[in-house]
Amino acid sequence: MNRLTPHDSSAVPTLDATQRKALEPIYARMQHVVPEVEWAVHAPYVAAINRLKRERNAVILAHNYQTPEVFYGIADYTGDSLGLAQHAAHTDADVIVQCGVHFMAETSKVLSPGKTVLIPDTEAGCSLADSITPADIALLRKRYPGVPVVTYVNTSAAVKAASDICCTSANAVEVVESLGTDRVIFLPDQYLGRWVASKTDVQVILWQGACEVHERFTGPQLREYRQRHPGIHIIAHPECPPDVLDEADYVGSTTGMVRHIEEAGASRVVMVTECSMSDNVAVQFPSVEFIRPCNLCPHMKRITLPKVLHALQTLSPAVEVDPEVAAGARLAVERMLAVGRGQENGPALMPRQAAVG
Ligand code: 13P
Ligand code: SF4
């Protein structure tokens with residue numbers, strides 16, 4: 001019997017042999033990337049979380065960078081930032097547990113203000129989100145009057161609220177071009193901004209933010225991979241520096257990268273992104289050889305099974321966003337989602353320009 005009492009945060013769950021057997025199908029999916037000795041530790045948490053999430057009518061949203069035991073063990077929906085935001089906007093659950101970083105949980109709260117949104121570790125931040133404030137945006141608007149501000153979702157709700165429209169790595173070019181202007185201010189990732197600039201005639205004014213994980217990859221490193229592994233297919237996230245993206249056969253969001261492996265039918269792949277992503281993708285493509293230049297996101301790795309269990313037991317830490325900030329951020333995110341639905345800018349763009357500029 002599982003000795004975990006549902007709301008006792010100090011108890012370490014245990015499993016008997018029957019319960020362990022019932023979890024075998026879950027372990028079967030991840031056994032190539034999670035050693036048995038580790039699964040023995042994870043399994044009681046997976047069972048306890050899955051039981052408690054049903055009792056709480058909770059949904060677990062996990063980013064592609066989460067570890068396999070989270071990704072395959074407990075998540076109800078997995079994906080890139082755009083996919084997670086879209087799912088958060090439509091879920092019927094009472095509770096959303098965000099297995100990702102803080103800005104992702106804020107986005108869920110902004111889109112579902114009536115729901116309880118939990119982030120298992122409030123310290124799960126992001127170097128991009130930390131690189132810009134609403135005051136910085138106010139200064140940029142003074143310097144470039146009338147130029148719309150396009151903000152990557154890897155930002156705080158307050159920064160989103162000070163922006164005109166959001167974008168993700170999956171839709172950045174489409175969003176920039178949807179505005180119909182000849183210039184945009186693009187925040188905060190300089191490398192994603194440069195990549196967007198290389199794909200459009202719109203002039204892109206950059207901010208100097210960077211992802212501490214992706215900025216560590218280098219072009220020479222990838223050239224070495226090409227030499228050492230003939231026929232390799234290089235797939236990179238657009239948060240990487242330009243010399244890395246120049247070497248890539250495909251550049252796209254984390255979900256776009258997975259789609260590309262399938263479409264290209266590649267047999268040898270190097271994924272130039274966060275480590276856990278290769279583990280998760282390797283499960284889906286057992287016949288593909290993955291070469292893994294591994295850079296960990298320390299923020300994503302703060303989310304662990306014991307912390308998820310604790311969050312479900314205590315319904316904390318819950319993410320709160322000031323209602324006025326949430327309304328502003330929602331407008332920017334909904335404009336982005338409307339672009340994806342082919343509705344140009346969705347909610348009108350001009351009022352925010354006038355109010356903030
Ligand atoms: P995606 O939206 O492509 O999943 O990227 C989010 C992220 O944080 C990448 O570092
Ligand atoms: Fe932020 Fe980079 Fe981590 Fe993504 S990988 S959450 S951009 S620090």
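Glycine is treated like the rest: Cβ placed from N, Cα and C.
Taken from TrEMBL, the feature iminosuccinate binding site covers His63, Ser81, Tyr152, Val153, Asn154, Ser169, His237, Pro238, Glu239, Thr254. Every protein chain considered, the tally of other Cβ atoms within 10 Å of the Cβ of His63 (iminosuccinate binding site) stands at 26.
Taking Cβ-Cβ distances under 8 Å and a sequence gap of 6 or more within the same chain, the neighbours of Cys297 ([4Fe-4S] cluster binding site) are Tyr65, Val101, Glu212, Val213, Glu274. Annotation source TrEMBL lists [4Fe-4S] cluster binding site at Cys126, Cys211, Cys297.
DSSP assigns Tyr152 (iminosuccinate binding site) to a strand. Reported as a whole number, the C-alpha separation between Tyr152 (iminosuccinate binding site) and Cys211 ([4Fe-4S] cluster binding site) equals 12 Å. Taking the mean position of the Cβ atoms of Cys126, Cys211, Cys297 as the [4Fe-4S] cluster site, the remaining same-chain residues with a Cβ inside 8 Å of that point are Val101, Ser127, Leu128, Asn154, Glu212, Val213, His214, Glu239, Glu274, His299, Met300. Comparing Cα positions, Cys126 ([4Fe-4S] cluster binding site) lies closest to Asn154 out of the binding-site residues His63, Asn154, His237, Glu239. Checked against Cys211 ([4Fe-4S] cluster binding site) by C-alpha proximity, the binding-site residues His63, Asn154, His237, Glu239 yield Glu239 as the nearest. A Cβ distance below 6 Å to any atom of ligand 2 is met, among the binding-site residues His63, Cys126, Tyr152, Asn154, His237, Cys297, by Cys126, Asn154, Cys297.
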